[in-house]
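Peer 1: Shown below is the structure under consideration.
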Amino acid sequence: MNTIPSPSGAPRPATLPTTVLGYPRIGPDREMKKALEAYWGGGDPAALSAALSSQRERTLQHLQGLGLRGDGAVPADGAAIDQVLDAAVLLGVVPARFRAAGLRPVDPDSHDGLALVSALARGTEELAPLELTKWFDTNYHYYVPELEPGARFAPQGEAVARRYRAFADASADLPRLTLLGPVSFLLLAKVTTGALEGGAAHGRTDPRSRLDLLPDLCQAYATLLQQLRAAGASWVQLEEPALASDGWDVPREPIIAGTAAAYRQLAAVSDRPNLFVPVSYGAAGAEVLEALGGSGVEAVGIDLERGEVPTAAELAPLRGITLAAGVVGGRNIWRTDATHAVRQLDELRERHRGPITVSTATSLQHVPHDVARERALDPEIACWLAFADQKITEVLSLASHLHGGSPELESWCREDADRRARRAQHPRVHVAAVRDRLAAVHAGDRRRGPSAVRREAQQAALQLPPLPTTTIGSFPQTAQIRRLRAAHRRGELGQEGYVDGIREQIAQCVAHQEQLGLDVLVHGEAERNDMVQYFAELLEGFVTTTHGWVQSYGSRCLRPPVLFGDVHRPQAMTVEWTRFAASLTSRPVKGMLTGPVTILAWSFVRDDQPLSETSDQIALALRDEVDDLQRSGTQIIQVDEPALRELLPLREADRPEYLRWSVDSFRLATGSAGAETQIHTHLCYSEFETVIEAIDALDADVTTVEASRSGFEVVSALARHGFSRGIGPGVWDIHSPRVPSVDELTERLRLAVSVLGAATVWSNPDCGLKTRGWPETTASLENLVRATAAVRAEIAAPAVPV
Ligand code: MET
Ligand SMILES: [Zn+2]
């Protein structure tokens, strides 16, 4: 291997070997999920510790076995739960409320450290946990570190060295520890006022001030780097995903300047490992390349799944530096287009004056392990897919081409092209009837009559009281319900028995709601394992996997369906359940559908046509369902779009176009609803301010939103915008088992009425109740009904005595 003298005189490898940016940490059989949950359930920390070490070791050896060889080739991710949370603990960023409770910065891999990490992620009885937020444009969620004024960094240098040695001991070549980089750490964190109690009460201070922390933070990183070097590390990965997106609450210029300064500071550290700085989840852009190129780092990674190949001029600042070309995507499960990737590498070879290494565009943590385990998949469809292990093989094949050309490459590309051609021709991928129908859609299909006319027709049909009470759709998914579905899935319970079982659940759910005195009822969604998977299993154009788990956050894993072909609806999906529920009551029962954007957001979506087209295909299938529901007498239909905000592109320039087609698809799905059919939608995961206009443009008759966690900001934002249709700001935070008191619910309803006006407000929780238990659900809904009655009385008879 080539070696160059480092500034401190120690020989170090000059070029980063072929690599990937990261690998799933949860384990092929969700070993870490099980270990974490066992520990959280009161288990022995030693067992978690042992599971963590063996998981790390297995992964390391597995990656070497797949062919990632050479010092620095294998990424070593030490995070037990989350890479951002792990960085926070390694840097000693622990909020004061935890420190006051005796939870101080400590080695995250020790027993105390595992307790600390768990407390930060899950909270304790007295302490609110760190917030969870979406990780770039993925379905992964990270824990948001809190930066408090006056807080000091406390780098866990010895811990990082210990961790590195444990990895190195289990490995033939030197592994490469992966850490979140300093600029991204600051941008992903939130600046708080340092309130000691709770966590929800945190106010925000000037976000710009966070970049002032960079020099100190880099000092802390320097400690980690020196310890790593002392432990023998030749490479370390400092990932800077935040540099590829804009839309931060800090302007671009200081971010770029801060990046340049930070990496100069880190590169100047004596006795450090080589620094590899990948910029992922988007194009790095010329300024970022310049800032990193001039800093003295040894390798930079770029995302060529999203980004274009930079020009020679843009690459000039990287002269002599290893460029890791992220030509294999890390966010989807499709095979890499071999011809395209080869072309990208050839272009880079012409333009870059320095070594080139093949890599992935992002970490592979967002894809399942191994498609070979999907024995139930149609082999023709399976061969279009690449999970993490297949992607590593792709990286290696491309690397062998890059380094001297491989004789197999040509046949590899040819096979890939053949497969693509077969895929394009596949009768389930291109369905003429679906395409013809979409081509015939015209603007009028996406328009309903004037909302004032609709309001009157609906009031006449439904006769609802002011502040109608309702829920968001799901009711507690009890162990009994899960057992029922599992037995059915395994074939132990026949269709008839299953339908009877679910009907019994629906009947109980309806009876509960009647007893509580709710105005608009739901069937409770007992038949749904998941609000997207349920529809994916019934729609044509999707396949689901058996082992395709990916980490969503903490110990929570999802198995996203694969949307591979033209979507259509072979038969009605929800009508029977809804109709059955309606037959049991004289009150209106809402039909429940999941909207096109949310179905896209929570699936692996085909890469061979624009998202907008796929979205409209789903919309047409849902439109058929809306028609059938209407025909069967359903007067209220809710089309959930909780992910509307979530799919918003990272780059501001891409947002208007996204909002246009996502709104259009929703309107296509609901456009056939008659004036007297009331269309509801439900949105959650807050920060709606940026999409208020789009929410209005959905033109739903009633919109329920999560509001209780965001301090009701959304209510005033909607009022400012002049929202005129029905609105149900969630008055009860269902994410915790706490039962809200009548007083606090009354207070929130009063607030909503005072800001939005009594005519438009609905009374409801802020999301579905499937994760709750029955006792707190009943108690909370009872209080909701009481609070609503109190506020109704105030509206009917204003407080001033006559
Ligand atoms: C994440 S939004 C959930 C909406 C769905 N209808 C439910 O009640 O569970
Ligand atoms: Zn929700």
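Backbone N, Cα and C define each Cβ position, glycine as well.
TrEMBL entries are annotated by machine, without manual review.
Below are the features listed in TrEMBL for this protein:
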- 18-351: domain 'Cobalamin-independent methionine synthase MetE N-terminal' (DOMAIN)
- Ile472, Gly473, Ser474, Glu525, Asp640: L-methionine binding site (BINDING)
- His682, Cys684, Glu706, Cys767: Zn(2+) binding site (BINDING)
- His735: active site, proton donor (ACT_SITE)
Peer 1: Work through the binding-site residues one by one (Ile472, Cys684, Cys767) and point out the residue whose CB has the fewest other CB atoms within 10 angstroms.
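Peer 2: Least crowded of the binding-site residues Ile472, Cys684, Cys767, by Cβ count within 10 Å, is Cys684.
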Peer 1: In whole Å, how far does the CA atom of Cys767 (Zn(2+) binding site) lie from that of Asp640 (L-methionine binding site)?
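Peer 2: Cα-Cα, rounded: 10 Å.
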Peer 1: Counting Cβ neighbours within 10 Å across all chains shown, tell me which of the recorded positions His682, His735 comes out on top.
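Peer 2: Sorting the candidates by Cβ neighbours within 10 Å, the top entry is His682.
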Peer 1: May I have the list of same-chain residues other than Ile472, Gly473, Ser474, Glu525, Asp640 whose Cβ is within 8 Å of the Cβ centroid of the recorded L-methionine site, in sequence order?
Peer 2: Thr471, Val522, Met531, Met592, Gln638, His682, Cys767, Gly768, Lys770
Peer 1: I'd like to verify something. Among the recorded positions Ile472, Cys684, Glu706, His735, Cys767, which ones have a C-beta closer than 6 angstroms to some atom of ligand 1?
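Peer 2: Near the molecule: Ile472, Cys684, Cys767.
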Peer 1: Sort Ser474 (L-methionine binding site) into helix, strand or coil using the DSSP assignment.
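Peer 2: For Ser474 (L-methionine binding site) - judged by DSSP and reduced to three states - the answer is strand.
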Peer 1: Measuring Cα to Cα, tell me the gap between Cys684 (Zn(2+) binding site) and Ile472 (L-methionine binding site) in whole angstrom.
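Peer 2: Between the Cα atoms of Cys684 (Zn(2+) binding site) and Ile472 (L-methionine binding site), the distance comes to 11 Å.
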Peer 1: C-alpha of Glu525 (L-methionine binding site) to C-alpha of His682 (Zn(2+) binding site): distance in Å?
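Peer 2: For Glu525 (L-methionine binding site) versus His682 (Zn(2+) binding site), the Cα atoms are 15 Å apart.
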Peer 1: Select the closest residue to His682 (Zn(2+) binding site) from the following recorded positions, measuring between CA atoms: Ile472, Gly473, Ser474, Asp640, His735.
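Peer 2: The smallest Cα gap between His682 (Zn(2+) binding site) and any of the recorded positions is with Asp640.
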Peer 1: Look up the residue listed as 'active site, proton donor' in the DSSP assignment and reduce it to helix, strand or coil.
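Peer 2: DSSP assigns the residue listed as 'active site, proton donor' to coil.
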Peer 1: Take the domain 'Cobalamin-independent methionine synthase MetE N-terminal' (18-351) and average the pLDDT across it for me.
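Peer 2: A mean pLDDT of 93 is what the predicted model shows over the domain 'Cobalamin-independent methionine synthase MetE N-terminal' (18-351).
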Peer 1: In whole Å, how far is His735 (active site, proton donor) from Ser474 (L-methionine binding site) when you measure between their Cα atoms?
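Peer 2: Between the alpha carbons of Ser474 (L-methionine binding site) and His735 (active site, proton donor) there are 13 Å.
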Peer 1: With respect to ligand 2, which members of the recorded positions Gly473, Ser474, Glu525, His735 satisfy a Cβ distance under 6 angstroms to one of its atoms?
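Peer 2: The qualifying recorded positions: none of them.
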Peer 1: Residues with Cβ closer than 8 Å to the Cβ of Asp640 (L-methionine binding site), same chain and 6+ apart in sequence?
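Peer 2: Result: Ile472, Gly473, Met531, Met592, Leu593, Thr594, Gly595, Thr598, Thr681, His682.
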Peer 1: Cα-Cα separation of His735 (active site, proton donor) and Glu706 (Zn(2+) binding site), in Å?
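Peer 2: Computed Cα spacing between His735 (active site, proton donor) and Glu706 (Zn(2+) binding site) is 11 Å.
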Peer 1: Any idea what DSSP makes of His682 (Zn(2+) binding site), helix, strand or coil?
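Peer 2: The residue in question, His682 (Zn(2+) binding site), is strand (DSSP, three-state).
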